[in-house]
Every structure is written in C-alpha cells, then in structure tokens.
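Novice: Take a look at the following structure, please.
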Amino acid sequence: MTLPLLHTVSFISLPLKPTLFTKPLLKPHPIFSLQEQTQTQSQSQPKSKSYIWVNPNSTNASKLHKKSYDFRYASLTKVAQNLDSCDPFFDDIDKVLSILVNDSDFRLVEQDAVVVLNNMSNPENAVFVLQWFQERVRVSKGVILYNVTLKVFRKGRDFERAERLFREMLEMGMQPDNVTFSTMISCARHCGFAEKAVEWFEKMNGYGIEPDDVSYCVMIDAYGKAGNVGKAMSLYDRAREKKWRIDAVTFATLVKINGVSGNFDGCLNVYEEMKALRVKPNHLVYNNLLDAMGRAKRPWQAKNIYKEMINNGLRPNWATYASLLRAFGRARYGEDALLVYRETKEKGLELNIGLYNTLLSMCADLGLLDEAMEIFEDMKGVENCKPDSWTYSSLITLYSCCGKVSEAETMFNELMESGFEANIFVFTSLIQAYGKANRTNDIVNTFDQLIEMGITPDERFTCCLLNVINQIPKEELYKVTKCIEKANPKLGSVVQLIVHGDKTDGKTFREEAAELFQQIGADVRKAYCNCLIDLCVNLDQLERACELFDLGMRIEIYHEVHAKTPTQWYLNVKSLSLGAALTALHIWINDLTKVIEDGEELPSVLGISTGHGKHKYSEKGLAGAFESHLKELNSPFHEASEQAGWFFTTKVAATSWLESRRSSQAIAG
C-alpha cells in the first residue's frame with residue numbers, strides 16, 4: 001500500500017510562531033494587514049486549524065517550504081542585516097528593500113515592516129526604512145511602526161533621533177501609547193540620561209497614559225540614578241507591596257543609592273530580598289555591594305560577598321577588583337589588598353592612579369615600605385598613570401614614619417620638580433620626619449615654607465607640631481612653641497602654661513584647656529589631649545597631666561576607661577598615648593588606695609588592658625612600655641599568658657601592695 005504524498009491532519013489551534021519543525025510543518029503566511037488579520041479571526045472562529053504535513057522526501061517539499069512563514073521570517077531578518085550594513089541613503093535602502101516588492105510568493109504587509117525594523121540595529125538607516133514602508137504598506141495602527149523604530153534607536157543608544165521621531169509622530173497625528181513611552185524611557189536609561197527618563201515618565205499622564213508595572217520598575221532605576229532617592233525608594237516599596245518583577249539592573253541601582261546615602265545595612269537588605277525573589281545577581285549588583293562595604297569599612301563582609309559571587313559562577317572583572325582594592329585598602333587590610341593586587345597583575349589588568357594611590361596610602365599607614373616600593377615601580381611602568389601629588393604625599397608619609405628622612409626629602413624634591421605643589425599633608429609628613437630625627441631647625445624651616453606658600457595650618461598639622469614637641473630636646477622647645485603659637489594662639493597659650501610651669505592657679509589652666517577643646521574639631525580632641533598630657537609627663541608636670549586627664553573624662557574625650565563588675569575592676573588604656581596611659585594608671589592607683597583607706601573591699605580581680613598591637617611604625621607597643629613601668633613600681637600586675645595586652649592581679653596582692661605604698665609615702669612625707 002502506497003501512502004499519499006500529502007496527508008491532512010487536524011491540530012489544536014496554536015499561535016502563529018516559528019517552530020522547530022520548519023520543513024515538515026507548514027504554517028500559512030499572513031497575506032493581509034494586521035487589521036485584516038484581526039477582522040478575519042473575529043469573523044471565523046474555528047476551534048481547530050488544519051496544517052499540512054509534507055513528506056520531506058517529496059520533490060515539492062523545497063518549493064512548499066519557500067512559501068512558509070519561517071522561510072519568510074528568515075528572509076526578512078536577512079534583509080534587516082543588509083539594511084544595517086548599507087550606506088545611509090534612501091536609494092541604497094530602496095535597492096535592498098526592492099527584493100520584498102519583487103517577491104511573487106508574498107504580498108508586502110505591515111507585519112513585514114515590523115519584522116524588518118525589529119531586527120535592525122542601525123538608527124541612521126532605520127529612519128529611511130520607516131519612510132520606505134510608510135509609503136508602500138497599508139498600516140492598521142501607525143504607532144506600531146514608530147514604536148519598533150524607536151526600539152532601533154534604543155539599541156543604537158541614539159536618544160536624540162528618538163526624540164526627533166517622537167515629535168514627528170505627533171506632527172503626523174499619531175497618538176503615542178504605553179509602548180512608545182516605555183521605549184523612550186528605556187532608551188534614555190540605556191543612554192545614561194536618567195534625568196531624561198524621569199522627564200519622559202512624568203509626561204505620560206499628560207497624554208492620558210497610565211504607566212504599567214514594567215515602566216514603574218524601570219523608574220526605580222531611573223529615579224535612583226537621577227538622584228531622587230526618596231522617589232526611587234517609594235516606588236521600590238510599592239513594587240514590593242504589589243509584587244512587581246524587578247530586574248537585576250534595578251536592584252544594582254538600589255544597592256548603589258543605599259550605599260551612597262550611607263545606609264549600608266539597606267544595601268545588604270536589598271541583596272537578601274533580591275535572592276529571596278530568585279533574581280540572579282549580576283556583576284553590577286556584586287560590584288556595587290563590594291563598593292558599599294568598602295565605604296562602610298566592612299572588609300569582612302566584602303570578603304563574604306566576593307565568595308558568594310565566585311560560588312554563583314561569576315568571574316571577577318576589573319570593577320570587581322577595583323571595589324575589593326578600595327574596600328581592603330581603606331580598612332587597612334594589608335594582606336588581603338596585596339593578594340588582590342597581585343592577582344590583578346597575574347591577569348594583566350592595569351590599575352588607575354586612584355587605585356595605586358589607595359594601595360600606597362594603605363602601605364604608608366601600615367609601614368609596608370618594601371611593598372610600597374614594588375607598587376610604585378609598577379605604577380611608573382603603566383602608560384598614562386604617572387604619579388600625582390597624592391602619590392608623592394603617601395610615599396613621603398611612609399618614609400617619614402619609617403625614619404628615612406633623606407628618602408622623604410628626595411621624594412619631596414621629586415614632587416616639586418614634577419610641577420606639583422606640596423599640600424598640607426606633605427608638610428605634615430615632613431614635620432613628622434624631622435621630629436623623629438630631632439632636627440628642630442628643619443621643623444621651623446618647613447613651617448615657615450608652608451606659611452610662605454600661603455597654606456593655612458589645619459588642626460592635623462598643628463597636632464603634628466604638638467606631637468614633635470615631645471620628641472625634641474627640652475632646650476629647643478621654644479622654637480617649635482613659637483610655631484604652635486602662630487598656627488593656633490589658644491593652643492600656644494596652653495603649651496606655654498605647661499612649658500614654663502607658670503604659677504597661675506589650676507583654674508586658669510583648666511579654663512584655657514577647656515576653651516581649646518571647645519574650639520577644635522571632635523575628631524582631633526583626643527589626639528590634642530594625648531599630646532598635651534605627654535608634654536606634661538615629659539616635663540614632670542604630673543599635676544597638670546592629671547587635670548587634663550580629668551577634663552578629658554568630664555567632657556567625654558575619653559570613654560570607657562574604667563569598667564566594674566561585682567568581682568572585677570578594669571582600667572582600659574589601649575586608646576591612650578603612653579603619657580596619658582601612665583597618668584590614667586596614676587589616678588587609678590590613687591582611687592584604689594582611697595578605697596582601702598575608706599575601709600572598703602577591692603574586688604577579687606583587678607585588670608589593666610593595654611591592647612596587644614604594635615605601633616604601626618614601632619616594634620614596641622603600649623603593652624611593652626606599660627610592663628616596664630609596672631615593674632618599676634614593683635606592682636603585682638603581671639601580663640596574662642593567654643591574653644596578650646592584659647595585666648592582672650588578685651585582691652590580696654593588690655591590697656598588700658597598695659598598703660605598702662601608702663606606708664612608704666607616709667614615711668617619706
């Protein structure tokens with residue numbers, strides 16, 4: 001029995017779409033306009049449609065395939081490709097499109113114009129193509145062709161042409177619809193014109209068009225990028241309430257605007273909500289999160305986010321490494337920052353001047369001289385990445401704090417020869433270097449040079465002068481004291497009272513110091529107070545040191561120095577300078593002695609916390625200096641073997657020692 005070549009089969013009605021079975025299954029190509037198609041479908045509503053199965057071995061198969069919708073669609077996309085690549089002249093466009101007019105198998109319809117324009121990406125040529133179809137095709141709804149043309153402009157990021165075409169639409173009497181506006185908004189967004197996106201969104205009501213969910217979600221991103229954080233967050237709350245679908249790009253913007261505004265926990269909340277909604281984070285989301293954690297100085301969270309990114313199959317790009325370097329560099333996570341830096345080198349990625357400076361600044365703060373020199377040499381080898389004033393400032397700071405005065409001076413000369421002007425940070429570092437080297441005259445000369453250049457000493461520079469006054473010989477104090485008086489007369493007055501030991505009553509000195517602390521910024525008060533107490537201790541002005549420390553406690557320059565529980569009392573000096581810490585110890589011992597004198601009981605354990613870290617430019621930390629002083633006092637405090645930076649004693653040992661001290665002082669008195 002021989003089967004016929006053609007066999008009619010009934011299928012359930014399906015939408016007209018290309019299928020995977022292009023050859024065996026032929027679909028009728030629409031040979032009428034969109035309007036006609038709609039009318040025909042409404043007039044005849046069959047519950048099933050008949051399709052023709054063609055034996056692929058038939059000699060007619062190839063001919064029938066050329067009449068199929070899939071073949072037509074492929075031909076139209078090929079035409080679109082040719083239109084993208086041809087010259088932007090109407091005659092050239094006409095030559096490419098003439099193939100559609102000459103095709104006897106199909107009649108040119110509006111759907112053909114939609115397919116061609118929808119597959120184009122050349123904005124300049126799309127204008128001519130639109131004109132060509134408008135002259136030759138009967139359209140049911142003219143706005144459709146304008147909308148697909150606007151999408152071409154969006155692909156090509158040509159917002160100027162999009163606005164011109166919109167104006168032409170209005171002149172032609174076309175009424176824009178929701179698609180028109182959503183395309184204009186997304187075009188502005190893709191072009192980086194957030195303000196324009198907002199402008200077009202706010203025009204919609206004027207045309208009687210209500211934005212749909214997609215438009216609202218897009219506007220979260222647009223408002224955020226335009227700086228209207230309140231509106232963006234308001235729309236985001238609405239989106240969550242109505243369960244609108246938000247894309248990864250919008251989530252990335254939400255993370256960014258939270259980070260810029262300082263709401264770092266908000267960044268993490270957005271990230272968690274994104275994961276809960278099963279929206280896959282992209283590079284932009286992760287990079288914005290890393291940048292936010294860097295701003296927040298939460299490098300540990302940056303590390304966790306980076307691990308999640310890798311586990312989710314995303315490879316770090318340049319922006320990822322940049323965010324990590326900033327996060328680790330700002331937080332002074334030296335080891336992690338250097339690991340990231342070396343990984344970028346292995347991958348051949350070049351850093352910019354900002355990232356190099358971040359690394360060098362970190363090295364300066366951590367005293368990483370060798371690593372800084374390696375980074376500096378690499379930087380000089382990168383084209384268009386020459387050292388700037390900030391680069392030299394970091395290197396001068398590093399050399400100065402490491403006691404390498406001649407190298408700091410060489411770098412300073414190189415800075416000046418490169419045409420840069422020394423800033424306040426450079427002069428501060430030089431003052432610090434000369435102080436460590438006891439070069440008092442150079443301190444004065446540097447101060448004079450700063451004044452001659454018209455630079456006003458700021459609070460940190462003046463604090464540096466106050467710090468070096470504790471390092472130079474006593475007989476040369478007057479030289480630097482004069483500089484301090486010029487930089488800050490009120491500070492100079494307080495220093496003079498300490499240096500000269502004036503016999504003024506304590507009230508006057510205390511008032512002068514209190515007025516000084518009211519005048520200066522909160523961020524430098526502790527540094528000023530520490531330096532002034534150090535000066536008092538160095539000049540054996542213990543009474544004045546105690547006054548300053550008491551004042552610092554009363555106006556809350558110092559916090560949480562004392563802690564008590566029913567069984568333990570602690571002295572916490574780890575945020576103090578050596579002089580301030582010794583003064584705090586002296587006051588605490590006197591307080592403990594008074595407890596015994598009053599017949600009260602000490603707790604079971606007494607402890608002192610100095611911290612166990614070393615100074616960033618010194619091998620000897622506060623714990624080492626404190627241990628030596630405690631031994632000089634023959635105190636019963638001993639460093640705990642399992643708790644570095646902690647010194648403990650018992651009630652019995654402390655009571656015996658304090659009573660012994662009291663007896664000795666009574667005999668001496």
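Quick reminder: no glycine exception, Cβ is built from N, Cα and C everywhere.
These came from TrEMBL, pasted as-is:
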- 142-176: repeat 'PPR' (REPEAT)
- 177-211: repeat 'PPR' (REPEAT)
- 212-246: repeat 'PPR' (REPEAT)
- 247-281: repeat 'PPR' (REPEAT)
- 282-316: repeat 'PPR' (REPEAT)
- 317-351: repeat 'PPR' (REPEAT)
- 352-382: repeat 'PPR' (REPEAT)
- 388-422: repeat 'PPR' (REPEAT)
- 423-457: repeat 'PPR' (REPEAT)
- 571-655: domain 'Smr' (DOMAIN)
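What does the local environment look like for each feature on the list?
Specialist: Counting only same-chain residues 6+ beyond the ends of the repeat 'PPR' (142-176), those with a CB under 8 A from a CB of the stretch are 34, 110, 113-114, 117-118, 120-124, 126-127, 129-130, 133-134, 183-184, 186-188, 190-191, 193, 196, 207, 209.
Looking just at the repeat 'PPR' (177-211), the mean pLDDT is 88.
Beyond the ends of the repeat 'PPR' (247-281), by six or more residues, the same chain brings 217-218, 220-221, 224-225, 229, 232-233, 236, 240, 288-289, 291-293, 295-296, 298, 301, 305, 309, 312, 314 to within a C-beta distance below 8 angstroms of the stretch.
Listed by sequence, the residues of this chain that lie at least six past the ends of the repeat 'PPR' (317-351) yet keep a Cβ under 8 A from its Cβ atoms are 283, 286-287, 290-291, 293-295, 297-299, 302-303, 306, 309, 358-359, 361-363, 365-366, 368, 371, 375, 378-379, 382, 385.
Within its own chain, the repeat 'PPR' (388-422) is flanked in space by residues 353, 356-357, 360-361, 363-364, 367-369, 372, 376, 379, 429-430, 432-434, 436-437, 439, 453, 616-617, which lie at least six positions past its ends and keep a Cβ under 8 Å from the stretch.
Within the repeat 'PPR' (423-457), the DSSP-based counts of helix, strand and coil residues read 26 helix, 0 strand, 9 coil.
When DSSP labels each residue, the domain 'Smr' (571-655) comes out as 36 helix, 14 strand, 35 coil, counted as helix, strand and coil in that order.
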Novice: Grab the same-chain neighbours of the repeat 'PPR' (423-457) for me: Cβ-Cβ under 8 Å, and only residues 6 or more beyond its ends, written as numbers and ranges.
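Specialist: Residues 389, 392-393, 396-397, 399-401, 403-405, 408-409, 412, 415, 464-465, 467-468, 471-473, 476, 479-480, 482-483, 486-488 contact the repeat 'PPR' (423-457) from elsewhere in the chain.
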Novice: Count the residues of the repeat 'PPR' (212-246) that DSSP assigns to helix (H, G, I), to strand (E, B) and to coil, and report the three numbers in that order.
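Specialist: Per-class counts: 27 helix, 0 strand, 8 coil.
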Novice: Where else in the chain does the repeat 'PPR' (282-316) make close Cβ contacts, counting only residues six or more beyond its ends and a cut-off under 8 Å?
Specialist: 248-249, 251-252, 255-256, 258-259, 262, 264, 267-268, 271, 274, 323-324, 326-328, 330-331, 333, 336
Novice: For the repeat 'PPR' (247-281), DSSP counts of helix, strand and coil?
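Specialist: Its residues fall into 26 helix, 0 strand, 9 coil.
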Novice: What residues in the same chain, six or more past the boundaries of the repeat 'PPR' (177-211), come closer than 8 Å to it by Cβ-Cβ distance?
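Specialist: Same-chain contacts beyond the ends: 143, 146-147, 150-151, 153-154, 157-159, 162-163, 166, 169, 218-219, 221-228.
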Novice: Counting by DSSP secondary structure, give me helix, strand and coil numbers for the repeat 'PPR' (282-316).
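Specialist: Each residue of the repeat 'PPR' (282-316) counted once, the result is 26 helix, 0 strand, 9 coil.
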